[in-house]
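> Grabbed the feature section from TrEMBL, which reads as follows:
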| type | residues | note |
| --- | --- | --- |
| BINDING | Glu164, Asp231, Asp234, Asp404 | Mg(2+) binding site |
| COMPBIAS | 7-26 | compositional bias 'Low complexity' |
| REGION | 1-55 | region 'Disordered' |
Amino acid sequence: MGGLRLSAWAAAPSPSPSSAAARGFPRSPPDWRGSGRGRRSRCAPSSPPSASPALSLGAAGRLRVGADREWLWDCRGGGLGGGGGKKDYAKEMEAAVRVVQVACTLCQRVQDSLLLADPGSGSAGVHSKLDRSPVTVADWGVQATVSWLLSDCFGDESVSIVAEEDDKTLSSSDGTALLESVVSAVNGCLVEAPKYGLRSPEKDLGAHDVLQAIRKCSSTGGPKGRFWVLDPVDGTLGFVRGDQYAIALALIEDGEVVLGVLGCPNYPMKKEWLNYHQRYYRLMSKVAPPTSGSWNKGCVMYAHKGCGQAWMQPLVHDFGMLSWHNSREVQVSSVSDPVSATFCEPVEKANSSHSFTAGLAHSVGLRNQPLRVYSMVKYAAIARGDAEIFMKFARAGYKEKIWDHAAGVVIIQEAGGVVTDAGGCPLDFSRGVYLEGLDRGIIACSGALLHQRILQAVDASWNSSTL
């Protein structure tokens, strides 16, 4: 691959001695095989899987990422440059975190403009795709920005991207004004790229350049080769309502997710605020402003497969600079008693059956009210220990897309959690843009014991469900 072009660097923090493995959680789901619908799947064992043994601490590798700069990445188990025969993804990880930081800034600006827009001014920048799902300037703007920055970092010919949006609306005869807004948003962020340690274009991008960047994200994935997976704004409905959303970027090689980055601009650092609409948080912040320079909301989470660690750092947009010293390791919750556990599910009933998950929750002894959150912020909540379970059971005919899960799955796994389908099988990211072969639904848990109880409850109640 081409050399990574970065303009700034700061040393990464030294990790804490604790790890997911040391706490008895498997770093990734067991490779259980088989399938089944309405009966016990052969993928899952009859008893909870044993915890993976703790990995040994890999040597810290100082990895060159620029002509005269270096970035310290300390990865347990040799995931990056630490032995074990694994490939070196330090350049990709650093670039991905920086790029998602830029994308978060673009989204924050667009969301602020949407919330300040006159309610009587029509759609106020919100548009509908053919499937009637909402889309905004931020969706296209982030996709163009990420596409341009990744191509600049690694060379245009080396970058393949699977992403959600296309350029049909922007290229139509009615899309001229919308395209101008997207171009303006993109250039407004790219001009500040050096603040994030990335390069700016030599001159502003034109409409043609932005459309080309969006079109470049047309890979269809598959079992071979390397490609990035991007959801420019996951949870657009939450985004336009001023609530939670995420920017999700993952790298897949030969069908396996090797790293993931989640930007969660509205994620509150105090987990109790997740129960409130973000608009209420904004109002309370005006009544009682947070202390200047304090980290109150917003983060970028990231993880690399096999390291046994996941990290989060504050937003450059809020802190003014990117410093790896501000990163913190995140770990899943140690709660294993269902009575004390919290489960997440999608806000919209169209995306998952609330009645079925409510029945599951009751059958396994969950007593807390569900935490209904937009987007992959649900994955972030489990990785950070703010919730223990995420369940999603889509209605018949709905097919899950890889960009809605890739980044979140690897982050939970490396933070110590487990993610499988409802049959106990790992999610398969090697079969194109959809998660083909998915058994009933998706279950993510902070630990193996809770995960096993959910699997058993699904099997016991599935035949009586209407899904």
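One-based numbering along the chain as shown.
Keep in mind that glycine also has a Cβ here, set from the backbone N, Cα and C atoms.
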> By Cβ count within 10 Å, point out the most packed of the binding-site residues listed: Glu164, Asp234, Asp404.
Asp234
> What are the sequence-distant neighbours of Asp231 (Mg(2+) binding site), meaning same chain, six or more residues apart, C-beta distance under 8 angstroms?
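Those within reach of Asp231 (Mg(2+) binding site), by Cβ under 8 Å and sequence separation of 6 or more, are Ala163, Glu164, Ala246, Ile247, Ala248, Met376, Trp403, Asp404, Ala407.
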> Would you list the other residues of this chain near Mg(2+) - those whose C-beta lies within 8 angstroms of the C-beta centroid of Glu164, Asp231, Asp234, Asp404 - in sequence order?
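Going along the sequence, the neighbours appear as Leu230, Pro232, Val233, Ala248, Ser375, Met376, Lys401, Trp403.
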